[in-house]
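*Asks:* Shown below is the structure under consideration.
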Amino acid sequence: MMVLKVCLLLVFLAGVTTARMDLNHLIGSNHHDSSDEPSESSEPCCDICVCTASIPPICQCTDVRLNSCHSACKSCMCTRSMPGKCRCLDTTDYCYKSCKSSGEDDD
């Protein structure tokens, strides 16, 4: 009976570790250091956009933002951490303009 409990504990820990590793992929270093200001989080823009070679293309923004997705996002997924790290799961047939081009004018 003790062996069964130890095996179940090991399976549980392996599952938790795997889930945490997937979360680390989501909250990697490619995120915007944005604040809670609505103007910044609501502007639809994307720095890392991936598209298929199909016609029409299927594009998805892989940027990770803090606390919220832009206002045009219909399916936003966030971590439960503080601050939350969010990624828009929408697919479109185009890429939004780059976020970096709008933020670099503040130098």
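Using the three backbone atoms N, Cα and C, a Cβ is placed for every residue, glycine included.
Note that the coordinates shown come from a computational prediction; the quantities given were computed from them, not determined experimentally.
So Swiss-Prot says this about it:
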type	residues	note
SIGNAL	1-19	signal peptide
DISULFID	CYS45-CYS99	disulfide bond
DISULFID	CYS46-CYS61	disulfide bond
DISULFID	CYS49-CYS95	disulfide bond
DISULFID	CYS51-CYS59	disulfide bond
DISULFID	CYS69-CYS76	disulfide bond
DISULFID	CYS73-CYS88	disulfide bond
DISULFID	CYS78-CYS86	disulfide bond
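Would you situate these features in the structure and describe their surroundings?
*Replies:* Counting Cβ atoms from all protein chains shown, CYS45 (disulfide bond) has 21 others lying within 10 Å of its own Cβ.
DSSP assigns CYS61 (disulfide bond) to a strand.
Shown in sequence order, CYS59, GLN60, CYS61, THR62, CYS95, TYR96 are the residues of the chain, 6+ apart in sequence, with a C-beta less than 8 angstroms from the C-beta of CYS49 (disulfide bond). CYS49 (disulfide bond) falls within a strand segment according to DSSP.
Using a 10 Å Cβ-Cβ cutoff, CYS59 (disulfide bond) registers 17 neighbours.
Around the Cβ of CYS76 (disulfide bond), 15 further Cβ atoms fall within 10 Å across all displayed protein chains.
The Cβ of CYS73 (disulfide bond) has 19 other Cβ atoms within 10 Å, all protein chains considered.
Using a 10 Å radius centred on the Cβ of CYS86 (disulfide bond) and all shown protein chains, the other Cβ atoms total 25.
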*Asks:* Just checking the disulfide-bonded residues CYS73, CYS78, CYS86, CYS99: which sit within 10 A of CYS46 (disulfide bond), CA to CA?
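*Replies:* Taking CYS73, CYS78, CYS86, CYS99 one by one, the ones whose Cα falls within 10 Å of CYS46 (disulfide bond) are CYS99.
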*Asks:* Using Cα-Cα distances with a 10 Å cut-off, which of the disulfide-bonded residues CYS51, CYS86, CYS99 are near CYS69 (disulfide bond)?
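*Replies:* Correct set: CYS86.
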